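Notes follow once the structure below has been shown.
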Amino acid sequence: MATNAKPVYQRILLKLSGEALQGAEGFGIDASVLDRMAQEVKELVELGVEVGVVIGGGNLFRGAGLAEAGMNRVVGDHMGMLATVMNGLAMRDALHRAYVNARLMSAIPLNGVCDNYSWAEAISLLRHGRVVIFSAGTGNPFFTTDSAACLRGIEIEADVVLKATKVDGVYSADPAKDSEAVLFDKLSYQQVLERELKVMDLAAFTLARDHSLPIRVFNMNKPGALRRVVMGENEGTLIFHE
């Protein structure tokens with residue numbers, strides 16, 4: 001298959017789940033996975049791609065169980081936001097060790113730990129080839145990190161949100177449960193809604209749809225997949241505005 005000589009995206013928003021960082025571990029951060037992801041991001045920077053990153057926090061904290069046990073949802077979400085900051089610190093450190101300039105911004109003030117989120121500063125950093133990691137979600141409870149990824153993607157005028165998952169893209173059914181499940185190459189926003197496919201939560205998905213922000217779902221566990229996506233190769237599932 002012919003490949004493009006240049007990346008097809010100039011500016012991307014990469015959404016990593018917290019679970020992706022834990023690798024084979026049941027909890028926390030797998031250092032080898034973290035370093036591999038940092039190297040893959042470095043490849044994009046060397047190609048001239050501007051990279052924003054949003055990381056979830058599910059590897060360190062999951063509020064659903066505590067909410068069922070009676071914890072206030074707002075408190076649980078604030079704890080989840082802090083988990084994303086911890087993951088962001090780890091990713092920033094991994095990027096620095098890979099000799100990639102990276103800045104960590106938080107939607108909630110954490111002076112002395114990371115920068116406060118600033119749209120203008122983020123744009124300036126991206127234009128100068130810095131990787132910008134956006135943490136603490138949207139800064140508000142009741143919003144997922146997928147919503148944060150779409151919001152930041154729209155704000156920084158990213159060409160696409162790249163949602164890194166543990167599967168090869170969007171399937172007609174859960175491939176772990178249904179051997180007949182079909183992997184989609186492309187889908188419109190409307191097709192995703194009509195088929196009730198699980199891409200991301202509805203608030204996040206609607207935000208992307210309303211601003212015609214394409215989403216590509218791919219498997220980050222496949223070495224080189226991120227680069228292939230950015231170079232326009234047929235990797236994962238593209239969700240777009242028809």
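Start at 1 and count along the chain as shown; that gives each residue its number.
Glycine is no exception: its Cβ is also placed from the backbone N, Cα and C atoms.
Looking up the ranges 23-28, 137-142, 191-196, 233-238 in Swiss-Prot, the one annotated as region 'Involved in allosteric activation by GTP' turns out to be 23-28. Site annotation (Swiss-Prot): UMP is bound by Gly57, Thr138, Gly139, Asn140, Pro141, Phe142, Phe143, Thr144, Thr145, and the candidate from Asp77, Asp159 recorded at this site is Asp77. Residue environment of Ser17 (ATP binding site) contains 21 other Cβ atoms, counted within 10 Å of its Cβ in all protein chains. If you take the C-beta of Lys15 (ATP binding site) and look for same-chain residues 6 or more apart in sequence within under 8 angstroms, you find Val53, Val54, Ile55, Gly56, Thr145, Asp146, Ala149, Val161, Leu162, Lys163, Ala164.
Here the candidates are the binding-site residues Thr138, Asn140, Phe142, Thr144. The one whose C-alpha lies nearest to that of Gly58 (ATP binding site) is Thr144. Same-chain residues at least 6 positions away in sequence with a Cβ under 8 Å from that of Thr144 (UMP binding site) are, in sequence order, Gly137, Met200, Asp201, Ala203, Ala204. Each of the binding-site residues Gly57, Gly58 was assessed for Cβ neighbours inside 10 Å, and the highest tally belongs to Gly57. Secondary structure from DSSP puts Ser17 (ATP binding site) in coil.
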